[in-house]
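Features as listed in TrEMBL:
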DOMAIN    B:8-104  domain 'Pseudouridine synthase I TruA alpha/beta'
ACT_SITE  B:Asp52  active site, nucleophile
BINDING   B:Tyr111  substrate binding site
DOMAIN    B:145-246  domain 'Pseudouridine synthase I TruA alpha/beta'
2 protein chains.
Amino acid sequence: MKRIKLTIAYDGTDYCGWQIQPNGITVEEILNKKLKKLTGEDIHVIGASRTDSGVHALGNVAVFDTESSIPAERMAYALNQRLPDDIVIVSSKEVPLDWHPRYQDEILKTYEYHIYNAPVQNPLKRRYSAFVSFPMNVEKMREGAAYLLGEHDFVSFCNVRTSVEDTVRTVKELMIEQEGPDITIRITGNGFLYNMVRIIAGTLIRVGRGFYEPTKVKEILEARERTQAGVTAPPEGLTLVCIEYDGS
Amino acid sequence: MKRIKLTIAYDGTDYCGWQIQPNGITVEEILNKKLKKLTGEDIHVIGASRTDSGVHALGNVAVFDTESSIPAERMAYALNQRLPDDIVIVSSKEVPLDWHPRYQDEILKTYEYHIYNAPVQNPLKRRYSAFVSFPMNVEKMREGAAYLLGEHDFVSFCNVRTSVEDTVRTVKELMIEQEGPDITIRITGNGFLYNMVRIIAGTLIRVGRGFYEPTKVKEILEARERTQAGVTAPPEGLTLVCIEYDGS
């Protein structure tokens, strides 16, 4: 028996997210099915991030245990031959049998939220960016974003349907880049609450459009109330870029 | 009666190209149908570029004649309410009744060919870039591309199924840019033969991979034979960026 760690990229547009659910096809389900075909075993992958419906990934992580004789490093290639073209295994390698993708001393996740900001939508951007037609002030977004850096109770930036008790998280980096009509919010932290990145993005979009002053971000954070923040930005703008474990 | 010029962007992935044909849905067909719904008239748009199946556009151009009372400038908005989200009218304006999108004194078309060059495919790039997994030498591609600048008989870079007689065209600009794994071939000319940009891209990809020396591009050009060039690069990498008329 060996445990194999997969790094997985996917276009989330046509999936009901990562986690298996009764009402639609998910990335986890596809992986389990293709691994069963490949190995003949009943395999249930354990994922690091249960991304929402429509959210993309360049580096989600999952593990599974197998008796297969396929070398761990070849598993990526073998799976890619069978997967649909919107899911790609970036790499595969063996890890210790007790290595778990959600429970490690240090886990850093990086997300990007992409905004296409122009008067008219660009159909080549619509799958991977949120469209905002009103002019946005990126400098004000950066001012607002600065309040979120560091360790805070992010309960105000959490979906009300969550049940997690400890809502303190650390945002290590938060950068906003602009290249013509493309605005990218890049955020790295030691974990994120349910919908946290999309609520942060929705709030910063309000700042950019001038609905909120940048200081409003500080007020929302300090209010510690789940109803204070801006709307949840749409899923197509969000990509899980990478997950780093223990500094690697 | 008035003539309206549309500037049109589309994600070509799910269309059998621009031109109406019996075996699949096309952009032209969708536009005619939606214009009929909007105006009540039997409308047949005249397009500037009959892009191939799977090819994208940010600025294709079409005209149509109408008795509709909708102001020309509002036509873009009215159509966008009815169009699927992979077709967007960027702008609409009235032009003289005899203005034709394919017959003007000076027409400059700009295309971009996008290549994603990395060991493993990125599923977020697959719709709008050709994937090349082997290392590529962009400097050699630039050397090869330089031979194509200016006025030449491009018959070697033309699909054999074409019937056009005059195969002389002028390439005004040809730039190759690299940003990490993304390579973009940007080409501007006064018109392109059938599949010419994709055959140029396919040839330059061979140069980049080391199959061809850069001087091979000159040899192909001078051979003036339709069977000399590299393979036609796949449609998903190609985007018609803009069409400029008489310097505007």
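Backbone N, Cα and C atoms are what each Cβ position is placed from, and that goes for glycine too.
Note that TrEMBL annotation is computational and uncurated.
Cα spacing between B:Tyr111 (substrate binding site) and B:Asp52 (active site, nucleophile): 13 Å, rounded to the nearest whole number. Secondary structure from DSSP puts B:Tyr111 (substrate binding site) in a beta strand. Taken as a whole, the domain 'Pseudouridine synthase I TruA alpha/beta' (B:8-104) shows an average pLDDT of 97 in this prediction.
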